[in-house]
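Lifted from Swiss-Prot, the feature list:
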- His65: active site (ACT_SITE)
- Asn138: active site (ACT_SITE)
- Tyr348: heme binding site (BINDING)
Amino acid sequence: MDLSKYRPSSAYDSPFLTTNAGGPVYNNVSSLTVGPRGPVLLEDYHLIEKLATFVRERIPERVVHARGASAKGFFEVTHDISHLTCADFLRAPGVQTPVICRFSTVVHERGSPESIRDIRGFAVKFYTREGNFDLVGNNVPVFFNRDAKSFPDTIRALKPNPKSHIQENWRILDFFSFLPESLHTFAFFYDDVCLPTDYRHMEGFGVHAYQLINKAGKAHYVKFHWKPTCGVKSMTEEEAIRVGGTNHSHATKDLYDSIAAGNYPEWKLFIQIMNPEDVDKFDFDPLDVTKTWPEDILPLMPVGRLVLNRNIDNFFAENEQLAFNPGHIVPGVYYSEDKLLQTRIFAYADTQRHRIGPNYMQLPVNAPKCAHHNNHRDGAMNFMHRDEEVDYLPSRFDPCRPAEQYPIPSCVLTGRREKCVIPKENNFKQAGERYRSWAPDRQDRYINKWVESLSDPRATHEIRSIWISYLSQADKSCGQKVASRLTVKPTM
């Protein structure tokens, strides 16, 4: 008997029903009872196994990005950037790398409507020859807070009230009134882009600054941008209500049906490049995640294209168990000093261990598609076959050795050990610039959203005044229009 042939896979299904241990099941409808009326006997092993498996089917949902959909495809380099990075998957035009991509909403539960106003996740896992590279981003280029110390509170404020389980504006406005840097993200959150028509018609951003390093060890800061070839489309509030009431999975269905029909979604990848020597030349901190880089000074440079041409085979195995981690990088790519990114490196791996288990990287959807070797061993649900006698390094009995060193950016850091904010906060300028770039009807929708939120009966006069002050500092006319509709005067 070829024992390796029958590893767990639907490819080796038997023609008849069996237990988990492979024993035949001749009746899948009736429990084993004493007579036709019962009682049920505990010795009905298949009944117990079936029920026990059923009640353990679900794993903890993601604390954020619980609602999502995935698809597979490839990334192809279209423009040479080998002068910027030694990353193998970016080595030359024409190089293709298999990927899996997951789109999601951020705040709400796994079964919530995909039409709800929310930031969308846009995460791409590149299965490169040098290991996995996870670019874990969103459909907006900034985030609410620049320091991860506030991240748990940020998500709790956005999530439903723990008493009533209802999302309420007064909670959101109360918390973020203490974070003036959040206004720039609200200029996206309350804008049309947080009601995307579907996943195919939205942009993606790496959000954080990263570093690309070339063979000579020269590093540049970069930001990643995904641009959909079919354009960006959004819904109005009324359209979102109608779509959500018709089909709460409309974006998942659109993605799945489009790929099945051969209408493959495609995005172009662009980068912005900044020389580290230029970081202090701006009136904001370029490593502040609440800021964007000006495209007139740092223009978008084309890199490649992402094509999703294959639907996943199993939603649970390749969406629910799919695990991303910003800590997964490859030679030629490195982190920046962005405070939020630095913390995500730990938090994402930790949440996957809690959600899926300590050996989540052994799952096929998460495992690298290249040869790999380490001495991380055993643990719950370990299913990796190992027959080594040496489980330590270094050893004269094991030929494994450390990998050849690849370039990483050198950095000399000095400073006091302290808890503090960055010196160049500049919290309102970019929010105002974004507002002024819109057509009048788009500005009006943004103002209406603020009026709706600030009209929450539990939003106090103090909270309203703070937000009108923030809006006025971003754009005086915007703050005045919101104030006039609320009959609240700005307090500057």
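Placed from the backbone N, Cα and C atoms, the Cβ positions cover glycine too.
Values in this document were obtained by computation on a predicted structure and should not be read as measured data.
When the alpha carbons of His65 (active site) and Asn138 (active site) are compared, the span between them is 10 angstrom. A 10 Å cutoff on Cβ-Cβ distances gives Asn138 (active site) a total of 24 other Cβ atoms nearby, all chains included.
It is 15 Å from the Cα atom of Tyr348 (heme binding site) to that of Asn138 (active site). For the recorded positions given as His65, Tyr348, the lowest number of other CB atoms within 10 Å of the residue's CB is seen at Tyr348.
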